[in-house]
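These notes concern the structure reproduced below.
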């Protein structure tokens with residue numbers, strides 16, 4: 001039997017592949033498939049017209065009531081939706097979170113299988129649906145109402161079941177979808193996104209969110225880093241500093257000058273107070289001007305005794321501005337405390353590497 005089965009498998013493997021119709025096998029565009037600039041321009045103008053319809057017909061009294069409901073929420077503002085509206089609901093929720101507002105996305109399917117346990121009578125549940133007839137949302141409404149949450153529908157069809165079932169409803173005026181069949185949700189989702197994000201900014205202003213508070217929610221971004229990071233957070237500390245004494249010969253300090261990757265020497269006294277700086281540029285200029293006499297020159301004689309410096313509590317972005325200030329940019333700043341004691345160095349390369 002095993003031999004017979006093996007022969008059958010081999011025979012099956014040798015069968016030719018079934019033939020597919022030419023139309024099904026053709027993946028590339030044929031000669032009739034094309035789009036020109038005029039057609040594309042027309043589409044963009046049509047979408048603009050549809051969005052203008054929304055802006056011209058939105059009920060601002062409904063919008064104000066909605067915004068106040070979110071602003072006064074004692075608990076969490078949950079957003080939910082199915083399909084494309086679900087993606088928009090998730091995005092709006094994340095925008096609110098980035099502004100320091102307690103918010104989350106609640107999957108309507110998962111909610112009906114246990115996740116609704118997170119809802120309380122202090123929360124708001126915003127339900128997004130173009131038609132207002134989404135079955136999963138209609139099934140969720142009585143369950144969410146039993147938890148005591150405030151229910152708000154965002155829909156685009158007049159007189160829909162979801163709006164009628166919720167405590168509050170906002171109509172998002174929709175002229176039609178850009179899709180030629182008026183089916184693909186492209187204009188309706190754009191409207192939902194514009195509405196939600198505009199309300200988010202209204203909440204941001206109402207809560208008097210400062211730039212510093214916003215930055216604290218975006219620590220990995222450039223804006224966050226520029227408003228959070230201080231010089232002490234990005235500087236090299238004492239053990240990694242290219243230091244020398246003013247009586248040291250320049251030629252004896254070449255290794256220290258080049259090995260630390262700072263492009264300079266930090267000249268200090270016995271108490272670690274900063275005397276000046278000597279850069280690789282200073283070395284080249286000294287060599288050109290003095291020739292062999294450089295072997296007898298001390299760092300203290302040729303160093304810059306009035307370098308730009310900065311304190312550890314200054315913002316890192318201020319250090320970058322100070323480096324780039326006239327009359328000529330510099331690549332580093334010694335970091336000193338109130339007693340002129342050297343405690344670190346901040347370099348342009350270090351600031352750029354930190355994302356500033």
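Quick reminder: no glycine exception, Cβ is built from N, Cα and C everywhere.
Annotated in TrEMBL:
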DOMAIN    66-209  domain 'SIS'
DOMAIN    235-294  domain 'CBS'
DOMAIN    303-356  domain 'CBS'
SITE      84  site 'Catalytically relevant'
SITE      136  site 'Catalytically relevant'
SITE      177  site 'Catalytically relevant'
SITE      218  site 'Catalytically relevant'
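The local packing around residue 136 (site 'Catalytically relevant'), expressed as other Cβ atoms within 10 Å of its Cβ over all shown chains, amounts to 18. When the recorded sites 84, 177 are compared by the number of other CB atoms within 10 angstroms of each CB, 84 has the fewest. Separation of the C-alpha atoms of residue 136 (site 'Catalytically relevant') and residue 84 (site 'Catalytically relevant'): 14 Å, rounded to the nearest whole number. Rounded to the nearest whole angstrom, the C-alpha distance between residue 84 (site 'Catalytically relevant') and residue 177 (site 'Catalytically relevant') is 13. Looking at the domain 'CBS' (235-294) alone, the prediction's average pLDDT is 91.
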